[in-house]
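If you check Swiss-Prot, you get these features:
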type	residues	note
BINDING	G72, S73, N152, Q180, S200, A201, H202, T238	pyridoxal 5'-phosphate binding site
MOD_RES	K203	N6-(pyridoxal phosphate)lysine
BINDING	C328	[2Fe-2S] cluster binding site
ACT_SITE	C328	active site, cysteine persulfide intermediate
Amino acid sequence: MNKQVYMDYSATTYTKPEVLEEMLPFFTENFGNPSSLYSFSDKTKKAVNLARERVSKALNAEKNEIFFTSGGSEADNWAIKGIAYANKKKGNHIITTKIEHHAILHTAQFLEKEGFKVTYLPVDEEGFVSVEDIKNAITDETILVSVMFANNEIGTIEPIKEIGELCKEKNIYFHTDAVQAIGHVDIDVKDMNIDLLSMSAHKFYGPKGVGALYIKNGVKIQNLIHGGGQERGKRASTENTAGIVGLGKAIELAMENMPEENEKLSNLRGRLIRGIEARIPEVKLNGPKDMSRRLPNNVNFSFIGIEGETLLLDLDMNGIFGSTGSACASASLDPSHVLLSIGLPHETAHGSLRLSLGAKNTEEDIDYVLEVLPKIIKQRREMSPLWEDYMKNKEEK
């Protein structure tokens, strides 16, 4: 059996043993409904409150501003639809970017069919949105700006504080999808003037199927899910106690480990980028060149003359697991909307590989990838008419 190297931590992470350990009693012993009044539910009630406290501490938010959801997609949907419907008397215009996660883009497209107007702002070749562009897009009808904290494909960390200041000045709600940022970037919702923020536990070593939405006190938002009075009447459904406990523990660990973890990941990322650039000709690093403005675990390359899907299968056969884009879209054969938005031609975007690093990756893993990947690229290019055409054109120039 080949060595196995998982490098798709931006798609999902494993649940850390300490997190699982804290969750387990809530499946078997402490199974009471947290909304019940009797004492049997006291432990579950306390556990949910502790998780809320841990999340609020991580964001510098108030405890009553944290609402648990089934994940990042629900949190994004709630933020966008909830603000749109609750504030439509004030205006019907939303501003976002072309490189958002599909949970934002598809929600925005849904709202367009409902009569809302949406501006999808372009980004530069490194994936940054311009604060000036946001300013120029604002109209009297604008009720919400939604910009992701960090991009899941190319690792770009957006100028969130500046956008928050602009939105505060213009009296417009500001939402950020921070699903990729938790555990990698310092987040302070007060200092950054963030009104709404989405997160998902499985991106920071917590369980799948649980997330949270931070909603600043005073924000006018409509419910997405109707039913019982859970989450202070804002989000119906019996609380997923074990999941919520896991999210709380995972975010606490993520905050504690962040400085050390980021340094480790940055070093591994540097080794991987330098190694690929030194060993493989005609490659393009996608995303920010200034590594301080990029997620410490993100590497995204385009290889001229290569099909991304074929590359993934070749790597898989060698025990290396990466991605050609976000996992939510990798079943589709269309090139990544993010890579097209940063100006890559169709065929270059098609030949992209994202390697996202995480807690279990080592220098040995990096060296193994650097041993295997160049051989695969060389072999595939020898069979590729795209590569042949590219080299011919290059020689003619």
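Placed from the backbone N, Cα and C atoms, the Cβ positions cover glycine too.
Features per Swiss-Prot, on structure.
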{"residue": "G72", "record": "pyridoxal 5'-phosphate binding site", "Cβ within 10 Å": "26"}
{"residue": "S73", "record": "pyridoxal 5'-phosphate binding site", "Cβ within 10 Å": "21"}
{"residue": "N152", "record": "pyridoxal 5'-phosphate binding site", "Cβ within 10 Å": "27"}
{"residue": "Q180", "record": "pyridoxal 5'-phosphate binding site", "Cβ within 10 Å": "29"}
{"residue": "S200", "record": "pyridoxal 5'-phosphate binding site", "Cβ within 10 Å": "28"}
{"residue": "A201", "record": "pyridoxal 5'-phosphate binding site", "Cβ within 10 Å": "32"}
{"residue": "H202", "record": "pyridoxal 5'-phosphate binding site", "Cβ within 10 Å": "23"}
{"residue": "K203", "record": "N6-(pyridoxal phosphate)lysine", "Cβ within 10 Å": "26"}
{"residue": "T238", "record": "pyridoxal 5'-phosphate binding site", "Cβ within 10 Å": "12"}
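Using the residue listed as 'N6-(pyridoxal phosphate)lysine' as the reference Cα, a 10 A cut-off selects Q180 from the binding-site residues S73, Q180, T238. The DSSP secondary structure for N152 (pyridoxal 5'-phosphate binding site) is coil. Counted over all residue pairs in G72, S73, N152, Q180, S200, A201, H202, T238, the record's binders of pyridoxal 5'-phosphate, the longest Cα to Cα distance measures 30 angstrom.
In the three-state DSSP classification, T238 (pyridoxal 5'-phosphate binding site) falls within coil.
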